[in-house]
Amino acid sequence: MSSVLKAFERFTIEQELQDRGEEGSIPPETLKSAVKVFVINTPNPTTRYQMLNFCLRIICSQNRRASHRVGALIALFSLPSAGMQNHIRLADRSPEAQIERCEIDGFEPGTYRLIPNARANLTANEIAAYALLADDLPPTINNGTPYVHADVELQPCDEIEQFLDRCYSVLIQAWVMVCKCMTAYDQPAGSADRRFAKYQQQGRLEARYMLQPEAQRLIQTAIRKSLVVRQYLTFELQLARRQGLLSNRYYAMVGDIGKYIENSGLTAFFLTLKYALGTKWSPLSLAAFTGELTKLRSLMMLYRDIGEQARYLALLEAPQIMDFAPGGYPLIFSYAMGVGSVLDVQMRNYTYARPFLNGYYFQIGVETARRQQGTVDNRVADDLGLTPEQRNEVTQLVDRLARGRGAGIPGGPVNPFVPPVQQQQPAAVYADIPALEESDDDGDEDGGAGFQNGVQVPAVRQGGQTDFRAQPLQDPIQAQLFMPLYPQVSNIPNNRIIRSIASGGWKTKIYYDTTRMVILNKMQGANTETLSQTIPIKTHSCKWATGMSKSLT
């Protein structure tokens, strides 16, 4: 039997690795589009600044062809290079297009009419057509310029430093558009605005040279539609990663933005590794996870086998990215998302409520994270030389903070299908409920819950762990998640315990919600509760022995 299991594990791993071809193999050749890329061999800042504006206008032009836009993008990203002729050769590696370099000496004064070099293969009609395209901006571009400020294009640029500041300000906006061009291009631009603000604060982006939002959108669309451009940008990202600490401004900027681009489309895979395998908690030993753990092992080996380009699978449209989809390991993905939703507040921005998300294993992750937050890693504690008293102090500190965090309903179940704003209601929602005094005998053997300032708080069990069993449920989905775990609570939705009385070997609990009051009896030491009486709230009011009256109408 063990040989069969080893063979299955080896088969699963080889299944992920065997369908890859050798690195550098040439794919079957298909039809290629001819792309003209304009090259300037002079370091003249005025000419290069004119080429920068010319490329922006070609990208935004409403009558340009796809090849015109691709050539303008490659020329735009190559402008900081001292030798554009050699730098553009990076694009020659693409099997998608035939790159044709056209050397340009400059522009006619006051126009965007090209002055070609004698070696450039450009006809007079093509030169006139490019000049018309540069002036043919769509009506969605205001003031006849891609920039927010209308006078930016006409400003003189006679110093290399001026050109580099303007060029880097434009290119950094184009690179920010690359971040979401393949994974979330249709999402609101809040993340892009935050990155623009970051680079303005760092001095890498001058606000005066900001492009109009429509121009930024057209650049992003052009990058998204062109595999040639994205392959070229991937080579640039790899060059930036290889740079040392002493690097030029451009590749330092590209390396910084590359951190937002790396592993895009693989978020679910890396979050699963972080919160499922990284925590090393006991639920990983469940038999249901055995096959999926083997799957994760094979995916980690595949990622290493792909090499440096594995970080840019989404940017390259590589088919291997489908192997990392969380639908291939749904149970352990659900468990990891439950753990992450408790440990990491940034998980609120990640959409993990997929159709294959298993609510039961998600809740296992939630409960495990809540109960294990105060545990101490013995290996790390030994390395730090912590005494048993110090370890207990750390555990008690975390438990105390977890109980008193006060984010709405303490210890309430996390529901992946409800927005976080609805889940984390402030404690003030119970301000209209007076604090009911509990009897002296309010500590249940089974982990009851008490009141503090009118809000129910989880009880502390032996070992410093927090008991979340007697918590109110907020919606049917949450009740469904908790029902197989705690049926004695889930059968009374939206309830609050308002009285717990122990007398004569019996323990009585009184619950109420908006329509009824329910009385449950349980013999001390028993595990089940018996329904004693249900009273409509609208016709009943009662007085407690403490002297506090509560009208339930």
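Keep in mind that glycine also has a Cβ here, set from the backbone N, Cα and C atoms.
Marked as region 'P protein-binding' by Swiss-Prot on the basis of similarity to another entry: 1-398.
Every protein chain shown contributes to the tally, and the Cβ of Y260 (RNA binding site) ends up with 15 other Cβ atoms within 10 Å. Taken from Swiss-Prot, the feature RNA binding site covers K180, R195, Y260, Y350, R354.
Annotated region 'Ntail' per Swiss-Prot: 405-553, in sequence order, evidence recorded as similarity to another entry.
For S439, the entry in Swiss-Prot reads phosphoserine, with the evidence type similarity to another entry.
Counting every protein chain shown, the number of other Cβ atoms lying within 10 Å of the Cβ of R354 (RNA binding site) is 16. Among K180, R195, Y260, Y350, R354, the residues given in the record as binding RNA, the maximal Cα to Cα distance rounds to 28 Å. Around the Cβ of K180 (RNA binding site), the number of neighbouring Cβ atoms within 10 Å comes to 19. Confidence in the region 'P protein-binding' (1-398), given as mean pLDDT, stands at 88.
The local packing around Y350 (RNA binding site), expressed as other Cβ atoms within 10 Å of its Cβ over all shown chains, amounts to 14.
Residues within less than 8 Å, Cβ to Cβ, of R195 (RNA binding site) and separated from it by at least 6 positions along the same chain comprise V176, C179, I257, Y260. K180 (RNA binding site) falls within neither a helix nor a strand when secondary structure is assigned with DSSP, and so counts as coil.
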